[in-house]
Amino acid sequence: MASQTHTLPPLPYAYDALEPVISKQIMELHHQKHHQTYINNLNAALSAQASATASNDVPTLISLQQKLRFNGGGHINHSLFWKNLTPPGTPANDIAGAPALREAIVSRWGSHEAFVKAFGAELLGLQGSGWGWLVSKGGAKGRLEIVTTKDQDPVNAPDVPVFGVDMWEHAYYLQYLNNKAGYVEGIWKIIHWAEAEKRYTAGVENPLKLISSSCKMIDDSNYVYEDGTPLLSDRHLSANDTLLGDAQVQPFGQLELDLRRIYRFRVLVLFHIQPELMKRSRRIALVLLASVSRKKREYDDIEAVDDDDANEDTDSGDEDNDASEVFEL
Amino acid sequence: MAALLSNSARVALRSGASATSKAGAAGLTFARGKATLPDLSYDYGALEPSISGKIMEIHHKNHHNTYVTSYNNTLEQLQEAQAKGDIATQIALKPAVNFHGGGHLNHTLFWENLAPKSAGGGEPPSGALSKAIDSTYGSLGEFQSKMNAALAGVQGSGWAWLVKDKQTGQIGIRTYANQDPVVGQFQPLLGIDAWEHAYYLQYQNRKAEYFSAIWDVINWKTVEKRFT
């Protein structure tokens, strides 16, 4: 089951692209060393969990929870963080590209400036390691709140992390030393407002959500995570999302190929869950697919991607038909 | 008493760079309770190569001093709230007292339990403490590797301490989050700072190397005194 391990997501920009706000050296260490270590430790904890599950070793399962929380949280938080940053001076850094979010911020704090001030104060008040977040409570387009989470605690569903700022010393120390106020001040020059708008209006695509092994079936076609979040919630899906499947289950393996062909999705793997759910996994993917299709704009994006590399596709003309067939199943 | 007061005044001047005018005015009233940044008994560069001079300088002059300043500000607010009989504010200030006061206590103990090699840093403990370590952990080396494991296991910022249980007299290793101080049932004997600011400029993410190197500058004489 090596395919179930998590891997380091590539940065969406070069290591030196966030300079002068965050130095290349910090970005390299932060991504290649710190983030990678969380992933390594998460994979180790998941592997230990799988063994403990197989032997029904409940004390070990319980003792693994904190490692999962810390390292899984570290993986989630950093994955979100890289994507909510953008090189300074890029259009994505213009808050004009986040009209709905800006309106919500102004209505909540009175002005953008007042929000920036409140956000900074909250972050600088954090005692020890942790993260500062702008959060949409209860889901997309919810009430905005500034929150901090300690160590690597993530923002839990249904709350949506609109953007996060890493307040661990390793995130700024080589450049700012004890002047963390300087770091917090500079971060506004690299906040990815377009990504923030997307998360605020449509929720967060969270790859780790999709590979959660804690979802359960509540009736024939509905699945929820342990916390009650619907597996098929639209906010988990976007053109960049990984869909799930299990190439080792034959029917699903075929579906995975179809999905790859049609959508260019990286289809990840996972369903090392209950055997009962394993049988259902094909159906889950189909519903996921249908859910994606409802999101017309993103569907168009996907088609645009397909058009771009149509030369690689031997039967691109059949794509729409393929999709229809899948949806009708 | 006169000596104490003049000492306070002197240090208030020294740490006054970051004090606000409000703190300056209130200083007259509350000077008696003010915390002050202690001097180090060695030079900033004296712990090299285990801890660089730059780390020591920033850690002492900036980080520790900020805990001192913030603790004093908190104390002022606390005393104002006490004077007014404002219980709610006194309770609300507890986390700040714990964090900034703890930061001041922890760092003060930390500087004292470090020493340059030329001043005995790294020389193994002797006497009753040595016996307690051997009987509890088997050997000094075994204790050090357990302490290093505890340090490596700190998730986020914090400290690992060799402590003495005041009830039983036994020694043990305990970790504390952030700046939580060793108070109550346990008495601090030896503390090692596992915050990233304690090592990052020199060791970056290789914190195990820092935990391993710091034993060369541990002042076991101080630890023995705390133990007995």
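Note that Cβ sites are derived from N, Cα and C of the backbone, with glycine treated the same way.
Counting every protein chain shown, 23 other Cβ atoms lie within 10 Å of the Cβ of B:Asp193 (Mn(2+) binding site). Marked as Mn(2+) binding site by TrEMBL: B:His59, B:His107, B:Asp193, B:His197.
Positions annotated as domain 'Manganese/iron superoxide dismutase N-terminal' by TrEMBL: B:36-115.
Here TrEMBL flags B:125-226 as domain 'Manganese/iron superoxide dismutase C-terminal'.
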Worksheet item: Listing the binding-site residues B:His59, B:His107, B:Asp193, B:His197, which lie under 8 Å (Cβ to Cβ) from chain A?
Response: B:His197
Practice prompt. Give the residue from the binding-site residues B:His59, B:His197 that has the most other Cβ atoms within 10 Å of its Cβ, counting over every protein chain displayed.
Written response: B:His59
Practice prompt. Using all protein chains in view, find how many other C-beta atoms are within 10 Å of the C-beta of B:His107 (Mn(2+) binding site).
Written response: 25
Practice prompt. State the three-class DSSP label for B:His59 (Mn(2+) binding site), counting H, G and I as helix, E and B as strand, and everything else as coil.
Written response: helix
